[in-house]
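Novice: Structure provided below as structure tokens; questions to follow.
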Protein chains: 2
Amino acid sequence: MMSICIETLSAEGRRDFFNSFDTVLTDCDGVLWIMNNTIPGATQVIIDFKKNDKKIFFVTNNSTKSHVQLLEKFHSLGFQASVNDVINTSFLAAKYLKANLDPSKRVYVIGSPALACELNALNVKNFGVGEDYLKTSVPEFVDNVKLESDVGAVLVGFDDHFSYPKLLKAASYLKDENVLFVATNTDENFSVAGSDFVIPATGCLVCSVKCSAGREPFVVGKPSSYICNVLMETNKIDPSRTLMIGDRCNTDILFGKRCGFKTLLVLTGVNSLKDVEEWSKSDDPTLQELVPDYYAESIDSLRATFPVSS
Amino acid sequence: MMSICIETLSAEGRRDFFNSFDTVLTDCDGVLWIMNNTIPGATQVIIDFKKNDKKIFFVTNNSTKSHVQLLEKFHSLGFQASVNDVINTSFLAAKYLKANLDPSKRVYVIGSPALACELNALNVKNFGVGEDYLKTSVPEFVDNVKLESDVGAVLVGFDDHFSYPKLLKAASYLKDENVLFVATNTDENFSVAGSDFVIPATGCLVCSVKCSAGREPFVVGKPSSYICNVLMETNKIDPSRTLMIGDRCNTDILFGKRCGFKTLLVLTGVNSLKDVEEWSKSDDPTLQELVPDYYAESIDSLRATFPVSS
């Protein structure tokens, strides 16, 4: 099966596409903006969706910003968004732990200050954020470090202070199978087009903890369908009338497929049309699952599908 | 297929077993010693093997000690060993890079001072060992760090100063597909029986670099058969008349199987008889591959197989 190009739809096809959903979920980085630069036309598309009574949610795997910080970014780049529209993985992780962790226990966090901030906002007790580097040797470290007795969960998000002692502590807490293991997301890298650098993302930290702990985490971010459960609980969305827009197929598109949404890939981020064409031809069902229903050059291409009056 | 217990062999079976090999390869930690404590009887078994004209090689995935440091450990624990008998992964990595790296290029090393020491001993240029922690933010770091232009390989061994900047640099160097990616080994954890701690080993660091780089490393340690090539080149061993002794099935036993050696598991380290029994019953060929030909309570049990005169 190959994806349908939005730009080549007939007038009727465009209308049918537009009328096929009431709710839009969209990824942010690579779809609405790249770093601090808005994708041309993106702010207007969001306005037009709202004008046409489409519900919009912004769904990002980013765990380095709190809800409030993300909202500031939306506003500074000219996007209309309110706090309930923005769903990020630090918020989701806090929500999951609030619901599943014994409140007398604490979370050992590998992650950013923003992640701790979201946990604090829901009164989920936590520790671990910040620098934790090896001052001595591993045997001396192990002789002197004390494992806390009230740890009920290990949470792994993006942490630029990731270090060997953090890895050791996380794996040691996870030895107790009653300790929950939660990851914000498993993205391998941040996308930085044209750079010499590869910027490792949360997935690289999660996999090293997994390797040592010999356990799989519960992932709250895309492509996990946990977000969908949260959304359906609070917003009563209908999956069959929901469109997921993203730039990364192994998170955004796979997430949409798993939730029963329509899926649209924009070519302004991680994956290219060439990737989609290759997967379409593959016999591997795991690759087939990455093929979006639709694709478009950019989110701006969607404006051609709006009713003429808008 | 289930393993044969050395202790239950008949007198004839013991003799046949003993006469079935000329060369013995043995793992160290968990077989000969645990931390700094010699396994009872281990020194005598090594002496007896030599008395009976068996060639012995000590094969360890440890990359935190240089050849010379390891030899000191052998001697301090009472083992007879010479420098050519000891094969560790820091030595193997240096040997591999000496043979495969353009000598005008340097190796970016995530690893211990001992690993650099082995590279230096073979005049393989390298850098990266030591502390490298994030002083600022990731964007500032990326703006200020310079990637070196003469990197021809990334080598990952055990590094207790493993950090986010090291991961970022490794992944960035590996973006160039001509840059070699080498790992000393992929052991998940160090074995520390009875401890509350899980001590993550090289495999946890390798998997995070793999995740970001999207590439598989060439592994020099067990279970890779590279060691066997090196041994056969220099020592003309006959795989069909070689016995591999180990305590960890996914490294030692799998290595032995891949090289066509006879394999013996001792129960003084990582894997138990229960593990072997489960794998024996499994239909999964990857689990079947972990089942040793023989098992014994400890290396000391082998003394019962020696000719009476010894």
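Each residue's number is its place along the chain shown, starting with 1.
Using the three backbone atoms N, Cα and C, a Cβ is placed for every residue, glycine included.
Pulled the feature table from TrEMBL, pasting it below:
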BINDING   B:D27, B:D29, B:D247  Mg(2+) binding site
ACT_SITE  B:D27  active site, proton donor
ACT_SITE  B:D29  active site, proton donor
BINDING   B:K222  substrate binding site
Novice: Fewest neighbouring Cβ atoms within 10 Å: which of the binding-site residues B:D29, B:D247?
Specialist: B:D29
Novice: Would you say which of the binding-site residues B:D27, B:K222 has the most Cβ atoms within 10 Å of its own Cβ?
Specialist: B:K222
Novice: Please report the distance from the Cα of B:D29 (Mg(2+) binding site) to the Cα of the residue listed as 'substrate binding site', rounded to the nearest angstrom.
Specialist: 13
Novice: Whose Cβ lies within 8 Å of the mean position of the Cβ atoms of B:D27, B:D29, B:D247, the Mg(2+) site, other than those residues?
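Specialist: Once B:D27, B:D29, B:D247 are set aside, the remaining close residues are B:C28, B:G30, B:V31, B:L32, B:T60, B:S191, B:G246, B:R248, B:D252, B:V266, B:G269, B:V270.
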